[in-house]
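Student: My questions will all concern the structure given below.
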């Protein structure tokens, strides 16, 4: 999964956020859906930063203010966007890399151990290509809906809701539900990542401390120790004060990964010593881990919304293709050589395979653990904001501060409790990838395209779009069910063995 970062030139505190205008043109009447429901997303549906991908802390909060909607039939949403500081293609490319590269890369060797050396090589490229294609679908549908409804820009949940409002009448009544589902899975995904971060930090710290302490503390104890300071750090409500931690996390993560590569590429065995393909029963764990590591669909709409030339984001060539191509190549490289180096002994994070008594290796474990520790606060910012936006209006103003702090403490304790209950990093990563990201990354984009293309321009000759998207949905459902089942079996096996 992605490591949360804040660029030095684009913190949430000093960047004007792009705005979304939702509604009809000045003299345009909304078309009624089933039961007279407006076919436009309402102006009060402004999202909190749900567009912020798992692990990305780019300034992705999108608010709304009245825009200059054109009424002619050739409405170009890109010309109506009010962006204070639009990003160039190169800047967007860098942000895409920062939003997609991170701690998930450390789990790729484990993913290959559940696929085999050569099958993992091919399958990683295939899954990565599929994820990228689904991002194309989402952004293309967003462009169509923006032109159709004369809206300058949309977020992920906006696109899903408007697609259902524009789709078959049977889907109209589900428009609010699909919005709720997208936001819910984003919250589950991000809180799940926070749980994974706790397990990750605890494992790496425990390995280092064990070398110097005679008294061995269990991993669950370390999770609770790590969680204690996070309770206070997560009370910080302004991203401005988290920026220094993000910069430190970026530096530590970069240095740690570079040193890890040095260990990984030394004394490599011959490829024939590793299985080329493993049992099909292990593939769901591979799928869940890879999609967890690669999927960055939550960040793309906000990156595209903030571009100076949004049409350059998708297409061929495009910012998305170049960025995701590099990400897929790097993840495949690490997965292939990491599994080649450590084989069956490959751990859930490649850092756990580094020598225990080596001082440099110990420093790497601590550097990356500290980086992930600080990333927790940035990752935590998004789900708590989404949840608080839904609760804020139900609480009296004089009690809102104490209630928000209470929510933050509760969510940290919830993450700690889940991590203590499920401290096995491997199945946890696969479970989050299978449950959340197969849904957000494949099932939802395919469903959106079916809704958007329902009448105009249609599903094409022989209904090829219908068959194609049905295949994507089926693949996502199979990944969801199989990945979840195998991950739960792994957890059950662990508990049955008394761990």
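Using N, Cα and C of the backbone, Cβ positions are placed for all residues, glycine too.
Pulled the feature table from TrEMBL, pasting it below:
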type: DOMAIN; residues: 86-489; note: domain 'Amino acid transporter transmembrane'
type: TRANSMEM; residues: 117-139; note: transmembrane segment
type: TRANSMEM; residues: 180-199; note: transmembrane segment
type: TRANSMEM; residues: 219-236; note: transmembrane segment
type: TRANSMEM; residues: 248-265; note: transmembrane segment
type: TRANSMEM; residues: 285-303; note: transmembrane segment
type: TRANSMEM; residues: 315-340; note: transmembrane segment
type: TRANSMEM; residues: 360-384; note: transmembrane segment
type: TRANSMEM; residues: 405-422; note: transmembrane segment
type: TRANSMEM; residues: 428-452; note: transmembrane segment
type: TRANSMEM; residues: 472-489; note: transmembrane segment
Student: Against which stretches of its own chain does the transmembrane segment (405-422) lie, if we need a Cβ under 8 Å and a gap of at least six residues from its ends?
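Tutor: The answer is 191, 194-196, 198-199, 202, 220, 223-224, 227, 230-231, 234-235, 380, 383-384, 387-388, 391, 428, 491.
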Student: At a C-beta cut-off of under 8 Å, are there same-chain residues at least 6 beyond the transmembrane segment (117-139) that contact it? List them, or none.
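Tutor: Here the qualifying positions are 108, 111, 156, 159, 271, 274-278, 283, 286-287, 290-291, 294-297, 300-301, 304, 313-314, 320-321, 324-325, 327-328, 331-332, 335-336, 339-340, 441-442, 445-446, 448-449, 472, 475.
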Student: Applying the under-8 angstroms CB criterion, which one of 180-199, 315-340, 428-452 scores highest with the transmembrane segment (219-236)?
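Tutor: Stretch with maximum Cβ contacts: 180-199.
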Student: Mark yes when the transmembrane segment (428-452) and the transmembrane segment (315-340) have three or more Cβ pairs under 8 Å (sequence separation 6 or more) and no when they do not.
Tutor: no
Student: Counting only residues 6 or more past its boundaries, what in the same chain has a CB within less than 8 Å of a CB in the transmembrane segment (248-265)?
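Tutor: Contacts with the transmembrane segment (248-265): 3-5, 102-103, 105-106, 334, 337-338, 341, 350-351, 354-355, 360-361, 363-364, 367-368, 370-372, 374-375, 378.
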